[in-house]
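Structure first, then comments.
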Amino acid sequence: MKLLWQVTVHHTWNAVLLPVVYLTAQVWILCAAIAAAASAGPQNCPSVCSCSNQFSKVVCTRRGLSEVPQGIPSNTRYLNLMENNIQMIQADTFRHLHHLEVLQLGRNSIRQIEVGAFNGLASLNTLELFDNWLTVIPSGAFEYLSKLRELWLRNNPIESIPSYAFNRVPSLMRLDLGELKKLEYISEGAFEGLFNLKYLNLGMCNIKDMPNLTPLVGLEELEMSGNHFPEIRPGSFHGLSSLKKLWVMNSQVSLIERNAFDGLASLVELNLAHNNLSSLPHDLFTPLRYLVELHLHHNPWNCDCDILWLAWWLREYIPTNSTCCGRCHAPMHMRGRYLVEVDQAAFQCSAPFIMDAPRDLNISEDRMAELKCRTPPMSSVKWLLPNGTVLSHASRHPRISVLNDGTLNFSRVLLIDTGVYTCMVTNVAGNSNASAYLNVSSAELNTPNFSFFTTVTVETTEISPEDITRKYKPVPTTSTGYQPAYTTSTTVLIQTTRVPKQVPVPSTDTTDKMQTSLDEVMKTTKIIIGCFVAVTLLAAAMLIVFYKLRKRHQQRSTVTAARTVEIIQVDEDIPAAAPAAATAAPSGVSGEGAVVLPTIHDHINYNTYKPAHGAHWTENSLGNSLHPTVTTISEPYIIQTHTKDKVQETQI
């Protein structure tokens with residue numbers, strides 16, 4: 001009975017609970033829908049725009065707008081604001097447009113784009129800003145545009161492209177920078193980070209030198225037309241191994257150096273029309289294995305021996321389009337003829353001449369080395385290595401490379417590099433070879449007395465250009481078509497003597513010469529030092545003589561200006577003269593042996609001496625003055641040295 005009651009209560013509870021749970025779920029769903037509708041707001045099209053496709057496409061063109069209109073539906077995927085008068089894009093203007101994929105702002109008057117102007121556009125893949133007044137690239141505004149694929153900045157007065165200008169949009173695949181006519185500077189790192197870029201337009205940007213495009217490893221199409229660079233040098237397209245289309249039209253190109261296109265292994269289309277090209281280096285297009293479309297028209301081609309290889313190449317690889325590649329401009333009798341119609345029978349051509357042949361070289365291991373091979377610029381250069389490998393400028397080797405001028409460069413030589421290296425120079429009339437022997441020795445320690453770089457005399461038999469011209473006659477052509485001349489012409493070999501494969505050891509004669517040179521240097525040094533010491537001593541002696549002469553002159557001047565000095569010493573013990581003696585000779589005759597001394601004055605008191613203008617000893621016994629002229633002499637100075645013993649009187 002109890003069990004039956006429990007089962008009845010359980011079924012009753014379930015019957016009541018299930019409707020309550022169902023009603024609660026329905027209420028929650030209804031509330032969520034109301035909240036979503038309230039947050040989305042009403043989907044109304046702005047009055048100045050036209051909307052279609054359930055508000056996913058909004059067009060507001062040519063409405064004279066000065067700012068982005070309010071109330072753009074949140075589900076908009078395509079927004080066109082072109083041809084208005086918008087001058088500034090403020091931050092968070094499009095924050096609510098999370099589904100926007102295409103934003104067209106071209107042909108406005110936009111001068112400033114604030115940082116954060118495109119916040120919220122997580123789905124944006126195309127941004128058009130062409131034909132505006134931007135002077136700088138708004139790099140800060142591109143933040144968080146993680147899905148951006150296309151960016152159009154064409155025809156803006158942008159003056160420079162700084163480093164890392166687009167590193168915030170690594171997803172970019174198409175970048176249009178054409179017609180930047182105010183552009184003056186492109187940084188070396190301007191395109192860093194754009195490893196996904198497929199298309200780049202730099203046409204009509206007043207570019208004078210090819211910018212650094214190495215970071216664009218995935219680039220497939222490059223537009224460079226309408227610029228002003230007269231030369232295309234090797235390395236201009238370095239790193240663009242994926243490039244398929246290259247347009248360089250109307251850029252005043254007058255010279256393309258050999259090996260200029262060596263890195264473009266994937267190139268399919270090349271347009272060089274409307275330039276100033278008159279000739280091209282031999283085998284310029286040989287590395288372009290996939291090239292099928294070539295445009296060379298509207299160039300002043302000079303149809304001579306340097307153009308024969310191009311005529312043959314056009315017939316072989318582009319036989320279906322004879323008008324693609326222009327006509328002869330010179331000489332006069334060839335003017336107007338298509339390049340593919342130029343025949344070698346009309347010219348007298350000779351094999352190339354090697355102007356600077358390589359020389360034998362002895363060098364130690366782990367050093368850098370070069371073997372030069374200077375040739376005419378319109379010829380092609382290849383090197384034959386000792387192991388049979390043929391190396392050109394386009395070849396890739398870890399340590400050995402062919403430079404633009406034909407030089408074979410070793411970044412680091414090893415013992416296995418020892419052998420004969422042959423420079424092979426080719427043009428349409430034939431080829432010329434020159435060989436050199438490279439001897440690599442093992443590096444030895446503790447050898448400071450001599451260098452591994454030794455001069456080796458090489459006897460080279462050179463052939464003059466006249467002999468080559470006389471020896472080589474035009475290669476006959478068959479009726480079936482032109483054949484490459486280097487398959488039938490004779491090789492011109494410049495013989496060079498080989499150096500035995502011994503390690504260079506310093507000889508006794510070399511050591512003696514080095515010692516003699518050292519002795520001569522020491523002698524010269526000693527002579528210079530001796531001359532310096534002699535000049536110094538001579539100057540010192542002259543200075544001493546001058547000093548002595550000057551001192552003697554000063555002493556003579558002092559003696560001349562001095563007067564006589566009289567020193568009188570008087571002994572105080574001499575007795576005074578008797579009065580009788582003074583009167584004993586009135587007639588002036590003195591007594592026997594009598595000495596008459598002057599009266600000694602009291603020198604202690606100067607005033608007692610001063611009144612005596614005439615000394616009494618100046619008169620004789622007759623009363624006549626012995627010195628009548630000395631009556632106005634000033635009184636002498638009195639110097640007392642001792643008051644009791646001696647008195648010194650000095651008259652100056």
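Here the Cβ of each residue, glycine as well, is placed from N, Cα and C on the backbone.
What Swiss-Prot says about this one:
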{"type": "DOMAIN", "residues": "41-74", "note": "domain 'LRRNT'"}
{"type": "DOMAIN", "residues": "299-351", "note": "domain 'LRRCT'"}
{"type": "DOMAIN", "residues": "352-441", "note": "domain 'Ig-like'"}
{"type": "CARBOHYD", "residues": "ASN276", "note": "N-linked glycosylation site"}
{"type": "CARBOHYD", "residues": "ASN321", "note": "N-linked glycosylation site"}
{"type": "CARBOHYD", "residues": "ASN362", "note": "N-linked glycosylation site"}
{"type": "CARBOHYD", "residues": "ASN387", "note": "N-linked glycosylation site"}
{"type": "CARBOHYD", "residues": "ASN409", "note": "N-linked glycosylation site"}
{"type": "CARBOHYD", "residues": "ASN433", "note": "N-linked glycosylation site"}
{"type": "CARBOHYD", "residues": "ASN439", "note": "N-linked glycosylation site"}
{"type": "CARBOHYD", "residues": "ASN449", "note": "N-linked glycosylation site"}
{"type": "REPEAT", "residues": "75-96", "note": "repeat 'LRR 1'"}
{"type": "REPEAT", "residues": "99-120", "note": "repeat 'LRR 2'"}
{"type": "REPEAT", "residues": "218-239", "note": "repeat 'LRR 7'"}
{"type": "REPEAT", "residues": "242-263", "note": "repeat 'LRR 8'"}
{"type": "SIGNAL", "residues": "1-40", "note": "signal peptide"}
{"type": "TOPO_DOM", "residues": "548-652", "note": "topological domain 'Cytoplasmic'"}
{"type": "TRANSMEM", "residues": "527-547", "note": "transmembrane segment"}
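Helix, strand and coil residue tallies for the domain 'LRRCT' (299-351), in that order: 22 helix, 7 strand, 24 coil [DSSP]. Not one residue of the same chain 6+ positions outside the transmembrane segment (527-547) places its C-beta atom under 8 angstroms from a C-beta of that stretch. The repeat 'LRR 7' (218-239): residue composition by secondary structure is 0 helix, 5 strand, 17 coil, according to DSSP. Taking the glycosylation sites ASN321, ASN362, ASN387, ASN433, ASN439 in turn and counting surrounding C-beta atoms within 10 angstroms, the largest count is reached at ASN439.
Annotation for ASN409 (N-linked glycosylation site): spatial neighbours MET368, ALA369, GLU370, ILE400, SER401, VAL402, LEU403, criterion Cβ-Cβ under 8 Å with sequence separation of six or more.
Neighbour density for ASN276 (N-linked glycosylation site): within 10 A of its CB lie 13 other CB atoms from the protein chains shown. Residues of the same chain lying 6 or more positions beyond the ends of the repeat 'LRR 8' (242-263) and with a Cβ under 8 Å from any Cβ of it are 203, 217-236, 269-278, 280-285, 287-288, 295, 377-381, 392-394, 404. Secondary structure at ASN409 (N-linked glycosylation site), taken from DSSP and collapsed to helix, strand or coil, is strand. Checked against ASN439 (N-linked glycosylation site), the glycosylation sites ASN276, ASN321, ASN362, ASN433 differ in C-alpha distance, with ASN362 being the nearest.
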